[in-house]
Amino acid sequence: MRYILKAYEMKMYDGDTIERIGIPSMVLMERAALSVIESLSERNLMPQKVLVVAGMGNNGGDGLAVGRLLAEKGAEVAFYMAGNPDKMTEETRRQLFILKNLGFSIQSKLELAEYDMVVDALFGIGLSRNVEGEYLTLIREMNRLGKKGAFLLSLDIPSGVCADTGRILGEAVQANLTVTFAYAKRGHFLYPGREYTGKLMVKDIGITESSFLKGRPGAFCYEKEDLHRLLPKRKPWGNKGTFGKVLLVAGSYDMCGACVLCGKSILRAGAGMVKIITPSCNRIILQETFPEAMLYTFEDKPHMEKVKNSLDWADVVVAGPGIGMGNGTKELMEYLLKDKRCPMVIDADGLNLLAAHQDLFELAAERGEGKLVITPHPGELLRLMKMDMEVYKEDREKLIFTLAKGLHCVVAAKDAVTLVAENGREEIYMNTSGNDGMATAGSGDALAGIIGGLLAQGMDCFFGACLGVYLHGLAGEEAAGKKGRYGMTALDLVKELPFVMTFYGPN
Ligand SMILES: NC(=O)C1=CN([C@@H]2O[C@H](COP(=O)(O)OP(=O)(O)OC[C@H]3O[C@@H](n4cnc5c(N)ncnc54)[C@H](OP(=O)(O)O)[C@@H]3O)[C@@H](O)[C@H]2O)[C@@H](O)CC1
Ligand SMILES: Nc1ncnc2c1ncn2[C@@H]1O[C@H](COP(=O)(O)OP(=O)(O)O)[C@@H](O)[C@H]1O
Ligand SMILES: [K+]
């Protein structure tokens, strides 16, 4: 597990380390610079001719120190500083003083020579507005040198990327490598900042969790090493009942694939049994392609008595993929929602029904904490919130928390970076796995199934949703590795799930 910070959190922890713990700011800066050299040597990158572009803030100070250490290692280093010297921080002023004592000079005008590495130390997490004027020219110049073959190394965050949102404030450095200090920042993972970050290395510089005085940071992500600990432990004595029974309500006359993709994901995530409620037109195809599943198929509308029997049998319900909006689906959802016994995952048309019928929305909200996970994509989220795309772009996180509060539930809000929030929980899960190959029909059905399968094995709704999202992304990475991001399909992803769980998991 790794924390992902906003700039103010990083500043708070920095400040505490310096003031309360007592590690001098210059020590942190030297450690930051040393960690950059270490990162370069880990990647076998030892440049000969380097340009350091430094700002007046502490990011600039980091840059001056990195340049000095590279010169110690034999590189020829040129320094350029931008900004008003009156605004130079004390630490950066000290770095400049050291450089001058060592006989280095600062270029008064940027020399457009050939460099094999450019160190971008113009702005770090202190960037507070759009870049303009000389700063904009410098960012463009660094990118131009990058295009000509120079390696672009950004310190802490590429200059121009907003550390909190990943937005590009004007223009940003297109880094090959970003070495960040202490903790990753949100802008490294949120698009478009993620595309500018290049390879990210997070380096310890002596700022630790003991400085989390006012509570933990607001966001976290999972890493592969966590899977050992996170996956539900298999019970050697278990039978298929032990690993959970999932009732899947999916599919319609023109949509059978949702039953297959979601149902197979439920079993591949480790659940013991799946039973599908779907129209009878899907029966033959399901029996042929998915013989593991039990079925209750109905002609026109489901008999509620049969639905009740299935509900009584189930440990978890997954409802919505491909069910459509007509022909008794509202009544079916109403019936499912009224049975508050087991946790429920609602996806796709299940969510569209909640958006279209306020009474269903209210019923869902009544299920109570720990009993509901919803997995909306942006369109479904906006329909549920009755908002438009502008609001989503402006503050997606706020929308997600508002929805989690309104429905008293866990929201796994799908997108290129899926976020998971829970009503009453301050921290948000920010997913870092996956790729654009997953933007393919049916990929969301697979996610709903994976989460359902994990809940069936006893996981709690929030952590089950976070883990499901992470595993789904890892399976997407495996599928992309084999089939490529162009041609991979949702079924390719589902097929990789057992490998991901076995390779990184505890068994
Ligand atoms: N604390 C520590 O011990 C450690 C900190 N570390 C390092 O410090 C970095 C944070 O340093 P920082 O807070 O000084 O901010 P930084 O990003 O250098 O820039 C601020 C300057 O930029 C200016 N400015 C902002 N936006 C602008 C714009 N659009 N256009 C023009 N100017 C703009 C802003 O001016 P102002 O907004 O005040 O006008 C101010 O002068 C962090 O990323 C890490 O690298 C490490 O050494 C580890 C130890
Ligand atoms: N660029 C991307 N990077 C990572 N994951 C992505 C990307 N695009 C889509 N995904 C993931 O793929 C899934 C798509 O789900 P969804 O939109 O519901 O598809 P469908 O309705 O076709 O099943 C989501 O889990 C989403 O997070
Ligand atoms: K930078």
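Using N, Cα and C of the backbone, Cβ positions are placed for all residues, glycine too.
As written in TrEMBL, here are the features:
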BINDING   58-62, 124-130, Tyr135, Asp156, Ala258, Gly322, His377, Asp445  (6S)-NADPHX binding site
BINDING   Asn59, Asp120, Ser159  K(+) binding site
BINDING   Gly444  AMP binding site
DOMAIN    10-213  domain 'YjeF N-terminal'
DOMAIN    223-504  domain 'YjeF C-terminal'
Would you mind checking how many other C-beta atoms are within 10 angstroms of the C-beta on the residue listed as 'AMP binding site'?
25
Using the structure shown, find which entry in Gly61, Gly322 (the binding-site residues) has the sparsest Cβ neighbourhood within 10 Å.
Gly322
Around ligand 2, within a Cβ distance of under 6 Å, which of the binding-site residues Asn59, Asp120, Ser128 show up?
none
For the domain 'YjeF C-terminal' (223-504), the mean pLDDT of the predicted model:
97
According to DSSP, which kind of secondary structure is Asn58 ((6S)-NADPHX binding site) found in, if we only use helix, strand and coil?
helix
Could you state the CA-to-CA distance between Ile125 ((6S)-NADPHX binding site) and Asn59 (K(+) binding site) to the nearest Å?
8
Tell me, by DSSP, whether Tyr135 ((6S)-NADPHX binding site) is helix, strand or coil?
helix
Hey, does DSSP put Gly322 ((6S)-NADPHX binding site) in a helix, a strand, or just coil?
coil
Got a sec? Which of Asn58, Asp120, Ser159, the binding-site residues, have CB under 6 Å of any ligand 1 atom?
Asn58
When you average the Cβ positions of Asn59, Asp120, Ser159 for the K(+) site, which other residues in that chain have a Cβ within 8 Å of that mean position?
Val53, Ala54, Gly55, Gly60, Gly63, Ala121, Leu122, Phe123, Gly124, Ser154, Leu155, Asp156, Ile157, Pro158, Val173
Which of these binding-site residues (Asn59, Asp120, Ser128, Tyr135, Ser159) have a C-beta closer than 6 Å to some atom of ligand 3?
Asn59, Asp120, Ser159
Ser159 (K(+) binding site) and Ser128 ((6S)-NADPHX binding site), distance between Cα atoms, whole Å:
11
